[in-house]
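Trainee: The structure under discussion is supplied below as structure tokens; questions concerning it will follow.
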Amino acid sequence: MMKQFLDLKAKHPDAVMLFRCGDFYETYSTDAIIAAEILGITLTKRANGKGKTVEMAGFPHHALDTYLPKLIRAGKRVAICDQLEDPKTTKKLVKRGITELVTPGVSINDNVLNYKENNFLAAVHFGKSACGIAFLDISTGEFLTAEGPFDYVDKLLNNFAPKEILFERGKRGMFEGNFGSKFFTFELDDWVFTESSSREKLLKHFETKNLKGFGVEHLKNGIIASGAILQYLDMTEHTQVGHITSLARIEEDKYVRLDKFTVRSLELIGSMNDGGSSLLHVIDKTISPMGARLLKRWMVFPLKDEKPINDRLNVVEYFFRKPDFRELIEDELHRIGDLERIISKVAVGRVSPREVVQLKVALQAIEPIKEACQQADNPSLNRIGEQLNLCISIRDRIEKEINNDPPLLINKGGVIKDGVDTELDELRQIAYSGKDYLLKIQQRESELTGIPSLKIAYNSVFGYYIEVRNVHKDKVPQEWIRKQTLVNAERYITQELKEYEEKILGAEDKILVLETRLYTELVQALSEFIPAIQINANQIARIDCLLSFANVAKENNYIRPVIEDNDVLDIRQGRHPVIEKQLPIGEKYIANDVLLDNATQQVIIITGPNMAGKSALLRQTALITLLAQIGSFVPAESAHIGLVDKIFTRVGASDNISVGESTFMVEMNEASDILNNISSRSLVLFDELGRGTSTYDGISIAWAIVEYIHEHPKAKARTLFATHYHELNEMEKSFKRIKNYNVSVKEVDNKVIFLRKLERGGSEHSFGIHVAKMAGMPKSIVKRANEILKQLESDNRQQGISGKPLAEVSENRGGMQLSFFQLDDPILCQIRDEILHLDVNNLTPIEALNKLNDIKKIVRGK
């Protein structure tokens, strides 16, 4: 048996193999050590010939659904090796084979999957001129592809968040250099990533002559990535994939660009703080699993075209204004369940009888939804109603053939209703009317023998038998055969009982075979409805999301935004959708107005003390814009949203010191990416840029960036720039579309009260020392800090730092270039040369410290 194990293990050496032995799944050798640690099961040893032993750990086969998810979540690939024949029918070693390879990206097990999110497998192909990418969720059948530069593929990887990524063997350095090392990855042989093999695989799967019908024919690199995914499904023994019915192109030009920094800093999907909330958490009132998954997708793919946005808003408004319609849809959605994943299980042959019944219930619930949508005074709802397919024939067949409360597994029996098959009914009559028949035999034999206490019973050793107490054993007929002697009784069998037993047991076996055949035929018939039911699932998910928007709007007092094809962003009394939900009971969120356009107020510089709410104001502006462009109502009194095509944020950078990048380097990298990609329709948020360097460096860089955005000849991006550099307020005097605002505070009796209201004009104070006092800083330190602050302010006034030089900078911005080194001292020249030749981007922290030590030695003359 161990040879059999080793032969099968050699096919997938990197996977943990669950080896079926009777009623247990066993693991051996290093697999056993891994399984014991992850699953918390006992690690033992078994003899392995010639005095050797091998590690072993196992669990009962019925506990697979409990233990398999734990292995997958631990990032393991799991090969399930089952017995391919009944041990009772063979005297040789039981034939075994790998029936499924479950990986983080390839699973249809409900216990592995999260019902609120997709479980995507991705493949990346590094082409000569572009990078191809494909995504597949085998649990839903969604199959998508795209190609483009590395930054676009990086954005897709972060927005789709695949559980596993495939790429060509030997390309790990290229992958991690462009996309990082946070993903679970797997390398495949180079032949998998060839155009000929991929195209052939796709054409064979879709049974087409070309891929033009999918709109991906021109995506050479995307086709290669897509084909690699299908090859991987074969390798993992997932060959029944009839639910993968199309390959769709991810249309980049339809969606707002959100990079990974923006998704993270705006906390769209998850919070950056433990226990914090996200925008998704606030607006997700979906009912169905499909709706929850689609909403998560919408969050990171906002629309940028006016018509589809208004189509969504029209439906949300209809829900909002029609409470009876809303309640009807809500009630029916609660009955539908995970229609999308159930129909996928039909294709792969893993659908249970209970799931088939749930599918029937879902189809029944769709009927009133379809009727209501078709009758609604709303074109978008009418179109949804038209696309919903009642699948009446299969729905009625399920109703006719499957019991309403069947067992979970077909081999438990009792799945098929009475009256479906004559032979099945007859067999059931034989098998399940046994009690009456046995009672008649018992009564007859008792009367014939005169033994009143005679009884007929059954056990697995002797089958049916007659039990007679010792008091009456002299009355037993000679034709009875004694099988067992007990202390107070004897047990006998008769020819009649033996024949009846064979008849009953044969009937039970035949019932199971017949029920399985009838059920399989039904599932095969159901598979013909996969495309129609997938469309149903998509439309139900869409309705669910829009209903969720309406319920959130009603609950939180949101209004419908006005979507306009211009450059004006005019939000009146806007609120932060997440923060307002976290306020203590009775506390009201302080709403604010924000106006940005390309004519008079393109850039707003926001100053104000720490903790005043500058960052919240920036984020709320972006979140309101994003909510509007996914088709949701927004938290404001009114909102005119001039369509945005990109949202950029530079809000808070976490040090990446492990790869040699400081806070400042991260800031500059992110700022550079923004400035190289802005357009006239972009919304740009900068929060406290330049904190990671010296004050004057920070002011200079911040000034230059704001000036660049304002003076850009083509892309006048709408920008909010929050800063503690009050010197930037000088820019309003020299740049006509820059305006100063501040988040107001009030100082009473040497205490600061945060009013959190955006007001016109700059701010002169940061109140940092007041914040330190509020944080519980020792009084002696606060006192000393005030003394130092007064001295510094006095010195600056005397030296004229705050005003004149910056005004001169704005006047001489044409051809000014700073000279960093104007030195004559040879030692300083040597230091200059050392610094200028440093490759800062690739310098690690340890190397930086060593270089600093070298410079120190130069200064000391050593």
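Every residue gets a Cβ built from N, Cα and C, even glycine.
Quick paste of what Swiss-Prot says about this protein:
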type: BINDING; residues: GLY608, PRO609, ASN610, MET611, ALA612, GLY613, LYS614, SER615; note: ATP binding site
Trainee: Same chain only, sequence gap of 6 or more: which residues have a CB within under 8 Å of the CB of LYS614 (ATP binding site)?
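Mentor: Correct list: ILE606, THR607, GLY608, ASP687, ALA722, VAL743.
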Trainee: If you draw a 10 Å sphere around the Cβ of GLY608 (ATP binding site), how many other Cβ atoms fall inside it, taking every protein chain shown into account?
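Mentor: Here the count is 29.
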Trainee: Within 10 Å of the Cβ of PRO609 (ATP binding site), how many other Cβ atoms can be counted across all chains shown?
Mentor: 22
Trainee: State the three-class DSSP label for GLY613 (ATP binding site), counting H, G and I as helix, E and B as strand, and everything else as coil.
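Mentor: SS state of GLY613 (ATP binding site) = coil.
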